[in-house]
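Asks: Got these off TrEMBL a minute ago, pasting:
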{"type": "DOMAIN", "residues": "2-337", "note": "domain 'SPX'"}
{"type": "REGION", "residues": "169-194", "note": "region 'Disordered'"}
{"type": "COMPBIAS", "residues": "175-189", "note": "compositional bias 'Low complexity'"}
{"type": "TRANSMEM", "residues": "387-409", "note": "transmembrane segment"}
{"type": "TRANSMEM", "residues": "429-447", "note": "transmembrane segment"}
{"type": "TRANSMEM", "residues": "476-497", "note": "transmembrane segment"}
{"type": "TRANSMEM", "residues": "509-530", "note": "transmembrane segment"}
{"type": "DOMAIN", "residues": "593-783", "note": "domain 'EXS'"}
{"type": "TRANSMEM", "residues": "656-675", "note": "transmembrane segment"}
{"type": "TRANSMEM", "residues": "703-720", "note": "transmembrane segment"}
Amino acid sequence: MVKFSKELEAQLIPEWKDAFVNYWQLKKHIKKIKLARNKRPTQLNHGFGRSIVDPIRFIAMKLLSTKLFFSSNNNTNTDDDETVKVRSKSTEDASDHEVEFYQTELLQLFSEEDEVRVFFERLDEELNKVNQFYKTKESEFLERGEALNDQLQTLMDLKQILDGNRRWKPNILPRSSSSSRRNSSFSDSPLGLNDGSTEISDEIIAAFERNGVKFMNSPAAAAAGGGAKRKKVEKRKAAMRIDIPATTPTSAISAVTSMLWEDLISNSTKQDSTAGHSINRKKIQCAEKMIRTAFVELYRGLGLLKTYSSLNMVAFTKILKKFDKVSKQQASARYLKAVKRSHFISSDKVVRLMDEVESIFTQHFANNDRKRAMKFLRPQQHKDSHLVTFFSGLFTGCFVSLFGIYIILAHLCGIFSATTGTAYMETVYPVFSVFALLSLHMFLYGCNMMMWKNTRINYNFIFEFAPNTALKYRDAFLICTTLMTCIVGALLIHLLLTAAAISPSHVDTIPGFLLLIFIALLICPFDIFYRPTRYCFLRIMRNIICSPLYKVLMVDFFMADQLTSQIPLLRHLESTACYFLAESFKTRQYTCKNGSLYRQFAYVISFSPYYWRAMQCARRWFDELDPNHLANMGKYVSAMVAAGARLTYATQSNSLWFGVVLVTSIVATVYQLYWDFVKDWGLLNPNSKNPWLRDDLMLKNKSFYYISIALNVVLRVAWIESITRFRINQVQTHLLDFFLASLEVIRRGHWNFYRLENEHLNNAGKFRAVKTVPLPFREMDSD
C-alpha cells in the first residue's frame, strides 16, 4: 500500500507545492509527540510525575484537550457542544479588506514547550495558509471569468452584426452586484476595408457604446466635441482595432508588422460622405480563437484549484487521525468540523464556475457537442505504450550489434588508417556525423525529460506543449535508437559496397539518400512519425531563423541555445551540401575547402546561432524593457567574436591572431560561465542556506550541483584544444573534432536540466501553474 505522503507528493501541483499543507512537517511533530509520551509512560498513564501540577494537567487534558476554540472580533457561531469563532483581521496595508484566520485556543495549562500545543499551532498556521491561498486564487479566477464574460459578449455582438442578426443577447456569465462592465477601447487602424468586411451604421455604433464598447472617433463622440472638433473628427477615419498579441509560434508576429494588419473595424472605401464602418471577419476569427484558448486555461486553473482543495482536505484528515492514534485522544472530529467549515472546503464558487464554463464552451465553441468540448477542456494524455519500450530496447540491441560489426570491418578494411582513410573521412564522415550528433542530442533530451519527470518539473507547461501530443522521454529514446540503427546500418552497407569495389558514384550516394529520407520524414504531412512534434519543431526553427520578427517564447530561445552547441553539425551540413551539389561524389575528390566562398560561408554558419540568439535577446528587451536581456545579448556577441577569431586563426596561424583568440575566448568563456551559474541556473548565491547554491533545490544530494559546476567549467574550456593543435593525422583529426563536438552536446544536455529547474522554481515562487492568455479587446475605464 502506497503511503499517503508519497501519494500526495505525486499528485500535488508542482508550482503550488509551497501552498499545500506541509504534511511532512506535521508528521515530524507527531513523531515528537510520540517520543515525548514514550519517555514519560508514568505521567501519561497515571497522571502523576515529578511536578505537583501533573495530576491537574492530566485531568484537564482528558476533559478539555479535544475542544477547539476559535477567537473572534466580528461574529460567533454556536454548534451544540462546541464554540467556534472566526476572527477577521485587517491586512497590513490598513485596507478595508479583512482576512479570516483560525487560531486554536488550547489549554493554558500547557507550557510553551509542550509538543501538543506546538502541533496545533502549526496546524492552525497550515489551515490559514491553505485558506488564504485558496481565496486568492479563487478571486483571481472569478475576476478572469468576468473579464472573459465581457470579451465573449463583445465577440457575440460583433458576430451577430456579421450574420445580419441585430438582436442583443444577455450576459454570458453571471456577474456580481459590485462588478461593472469594462469598456473595450480600440485605437485607429491604419488600413481601410479588407475582404470579407461588413458595414456598420451609426445606430449600431450607438448601440455598441450603450453596451460598453467604445468607438474612438465615432459620430457620437464627434457630436459631443463641439463645432470645430466635430469638423476635425469627421475628416478622420472612424476605426476600431483588435489587439492580437504574439503569444504562440502560430500567431506570433512582430510588433511593427502587427500594427499593419490588426484592424478589426476600418473605414469603408466608399467615397460619399455617408460612408459607414466595417468589421473584418478574419480578425474576429482570431479574437474568437484567443477567447476560446482563454476559456480552456481558465477551466484548467479551476480544475487545479479543485484538486488543491481536495488534496488538502485529505491531508488534514490523515494527519489528525495520526494525532488521535499517537495521543490517544479524539481531537480530529472537532477539528475536522472547523476545517470543513473553512472557505477552501465550504465555497462552491469554483465548482459552479466550472459548470458555467463547460456550458458556455459547449454552446459557443463546440456547436453544442459536449463530447467535443471536453476534448478541449479535459484533454486526455496518451498512456505510455509497451510497444515503445519494446522497440526502444530492440533498436538499442540492433545498434550495439551493428556498430560492433562496423568497427571490426572498418579496422579490417583499413578505413581509419592514415593512408587509405583520408578520402573516406572527407566524404562520408560529415553526413554520418550530422546524424550521430543529432541522435546524441535527442538521447540527452530524453534523459532530460526523464529527470524532469522524476523531479516533478512541469516542462510541458514551461514549453507550452499540448499535454496530449507532447513528446515523452520513451518516445525520444525510440527516435534516437531508431535513427542510430538506420545510420549504423547505412554505414555498414556503404562499407561493404566499398570493399566490393562498387563504383564510388553509386556507393557515395547512400549518405545523400539517407539525408533526403530524413528531410522527407521531417516535412511529411501525414499523421505518422510524431507529426505534432515534427511540425512544432519546424515552427520553432522558423521563429528562430526569422528573429527578431517573432515574439520570443521560452521554447524558442531554449532551442536557439541548443543550436549554439550544434555549430559543428551545421558545418558538416555545409560540407555535405557542397559535396553533393558540386557532384564530388562521382570522383571522390573533395575540393570544396579550397574555394573562397566555402571559407566565407563558414563564418556565416558559425555566426548564425549566436546571431539568432542575440536577436532574440534584443526582441525580448524591446518587449519587456529589461536590461538583463541586453546583457545576455552581449554574451552571444562575445561568443560570436571568439568564434570568428578561432576560424581566422585556423587559416592564419601567427602570434597576433593567437593573442586575439586567447583574449576573446577567455572573455567569452568567463562571460558564459557567469551567466550559466548565476542567471540560467540561479546558483552561486553567497547568502543561500545551501552554501554557494540556492535556497530551493530539486535534487536532494547537494554534491550533484557542485560536481555539475566543475563539469560545466571543464567542458566550457574545450576550445583550448583548437589553439594547442593536438593533431597526429587527418583521420585522427576528424575523430578528435567529433569527440569535442560530442562533449559540447553533452555539456548542453547537462545544462538543460538545471536551466529548466531554475525556470520551474521561478514559476513555483510566483505560483504560476496556468498560462495567462492575452485577451483581444483592450480594456480601459470609461470616461
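The chain as shown is numbered from 1 upward.
Backbone N, Cα and C atoms are what each Cβ position is placed from, and that goes for glycine too.
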Asks: Could you check if the transmembrane segment (509-530) is in contact with the transmembrane segment (429-447), meaning 3+ Cβ pairs under 8 Å among residue pairs at least 6 apart in sequence?
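Replies: Checked: the transmembrane segment (509-530) vs the transmembrane segment (429-447), in contact.
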Asks: Taking every residue in the domain 'EXS' (593-783), what is their average pLDDT?
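Replies: Looking only at the domain 'EXS' (593-783), pLDDT averages out to 90.
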Asks: Using a Cβ cut-off under 8 Å, which residues of the same chain at least 6 positions beyond either end of the transmembrane segment (387-409) come close to it?
Replies: 474-475, 477-478, 481-482, 484-485, 488-489, 491-492, 495-496, 499
Asks: Residue list, the transmembrane segment (476-497) vs rest of chain: Cβ under 8 Å, 6 or more residues beyond ends.
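Replies: Same-chain residues near the transmembrane segment (476-497) but 6 or more away: 388, 391-392, 395-396, 398-399, 402-403, 405-406, 409-410, 413, 415, 428, 432, 435-436, 438-439, 442-443, 445-446, 449, 506-508, 510-511, 514, 530.
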